[in-house]
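The next block holds one structure in the form of structure tokens; read it before the comments.
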């Protein structure tokens with residue numbers, strides 16, 4: 001018994017260490033091989049270079065793909081955040097039958113197999129007579145982004161004390177003034193956080209973009225295309241490293257903002273202060 | 001005495017809030033049922049009742065957050081129908097205080113002034129004045145999240161008072177505070193009201209709070225106003241058993257009406273015998289019976305040979321010690337329920353053994369007749 005007590009803590013921490021290593025080792029290889037002079041990802045590194053990074057802006061197809069990704073990302077994040085605001089506001093503020101079901105249905109794309117979602121969306125788009133373009137990719141991305149946007153926004157809106165808006169009206173402020181001076185400043189961090197999360201997800205999303213895009217490739221699709229050529233691998237690794245880094249930064253900012261929003265809306269002045 | 005003089009200074013007979021036949025229904029449920037009330041200018045008025053009695057609904061309708069299903073509300077002679085909350089001459093202190101968490105104390109207090117465009121100097125002066133009124137001078141730059149419960153309450157008060165409203169509405173403002181702070185704030189709120197002379201309407205479920213602060217109280221049950229009167233009258237002359245019970249302990253004794261005329265009632269009771277009492281203003285007899293009530297503290301233990309003009313005899317069956325007072329439960333022959341008696345402990349009521357036969361004296365003035 002005592003032996004187990006003594007060994008368990010060290011076992012647990014080595015297990016946790018291994019687990020983290022397993023999760024992040026591949027991710028660490030990405031930047032390492034992206035500065036390798038040789039085109040093949042193999043240890044030991046034959047030399048260190050930023051050559052692959054320098055080449056990136058000189059690839060027109062890559063620039064196009066980046067633009068496409070930005071357009072899709074910005075549109076999808078704005079659209080899903082707007083829809084998310086409406087849904088999150090309704091779910092956090094009102095009590096009505098079917099509220100939980102609706103919430104569940106909105107969150108469902110999170111667990112649906114993405115290939116299936118992508119195929120069904122493709123079928124629907126074609127049935128509707130839409131030709132595949134960046135617009136159809138945006139629609140697809142909105143579907144997968146909304147659950148994330150909802151999660152961020154509900155946590156920001158939850159606990160928003162309705163009497164704050166009433167207090168503003170009571171002090172003479174109009175409905176629009178109340179929105180501008182109270183509601184917006186309180187939920188702004190959550191909204192920005194939602195925009196960032198959705199943008200990041202859209203930027204990295206592959207399967208839906210793969211099915212729904214026409215001739216215009218987004219970044220992940222461009223990367224997929226490049227993988228056929230062994231010589232292009234370091235460039236892909238460099239690009240991947242940049243994407244990884246951007247995602248990490250965006251998600252961190254988003255999480256900081258989300259927490260700030262959640263803290264703000266919890267009006268500790270309430271009953272239990 | 002001092003109280004009276006002050007009250008006369010700030011109060012007038014002018015009606016500030018005129019509530020006429022106001023009903024608020026939610027489907028078939030009536031949150032407020034045909035309530036009429038005239039609240040006077042400069043008055044500290046309390047709406048007292050258990051939760052769900054309609055007091056908050058009424059307050060929110062005065063503020064403009066809710067609309068009467070029928071009936072009308074006028075403030076200072078102006079009908080409030082269709083006037084939204086932001087254009088009413090009322091301000092509210094919310095139960096949760098609703099302090100804007102993204103603003104500091106000064107910005108919170110100045111929130112409503114911003115729209116008035118007073119100019120920076122005048123605005124600052126009024127904010128300072130309001131903060132001084134609630135003893136928060138020097139805390140202007142604190143963030144809302146750095147304040148204690150009592151301080152938040154003061155910010156909420158200052159934020160409303162700075163608007164110089166005709167009516168200040170307070171929705172259970174002290175319920176979130178601990179007992180000691182609550183009692184301190186009761187005194188302060190009363191003092192503040194006397195100083196500013198604004199009509200205060202307080203919603204509370206705490207009878208002591210209402211009794212301690214108000215000029216007049218409306219006691220409400222189930223969407224109806226049961227009685228409107230001064231604290232003393234409400235406590236001493238409750239209109240029915242429900243009001244009597246809500247305001248504190250009361251012994252109820254079955255009585256038979258022997259005689260009824262304009263000003264008085266003669267009642268026959270077991271235990272208290274034949275009693276002549278003042279007839280309550282709104283007394284409407286319901287058959288031949290009525291209820292006689294006496295508050296536990298109006299019964300006093302008669303020691304040894306002490307005599308009283310009016311007394312009942314019985315036996316102590318329970319004794320409960322409460323520090324400064326003792327509750328005795330005394331069985332009286334003929335009464336179906338024993339009487340409860342509150343006695344201060346300075347004469348040794350806490351030492352009376354259970355089982356002792358005692359006599360209780362009372363003043364017939366303390367007996368109150370209530371319709372059944």
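Keep in mind that glycine also has a Cβ here, set from the backbone N, Cα and C atoms.
For A:12-35, A:70-92, A:104-126, A:132-153, A:190-213, A:233-254, the entry in TrEMBL reads transmembrane segment. Sequence annotations record features per position, and here TrEMBL assigns domain 'ABC transmembrane type-1' to A:66-254.
For the transmembrane segment (A:70-92), the partner stretch with the most Cβ pairs below 8 Å, chosen from A:12-35, A:104-126, A:190-213, A:233-254, is A:190-213. Tallying C-beta pairs under 8 angstroms between the transmembrane segment (A:12-35) and each of A:104-126, A:132-153, A:190-213, A:233-254 places A:233-254 first. Cβ atoms under 8 Å from those of the transmembrane segment (A:233-254) belong to residues 27, 30-31, 33-34, 36, 39-41, 52-53, 55-56, 59, 62, 152, 192-194, 196-197, 199-200, 203-204, 219, 223, 226-227 of the same chain, restricted to positions at least 6 beyond its ends. Within its own chain, the transmembrane segment (A:104-126) is flanked in space by residues 87, 132, 136, 139-140, 143-144, 146-148, 150-151, 207-208, 210-212, which lie at least six positions past its ends and keep a Cβ under 8 Å from the stretch.
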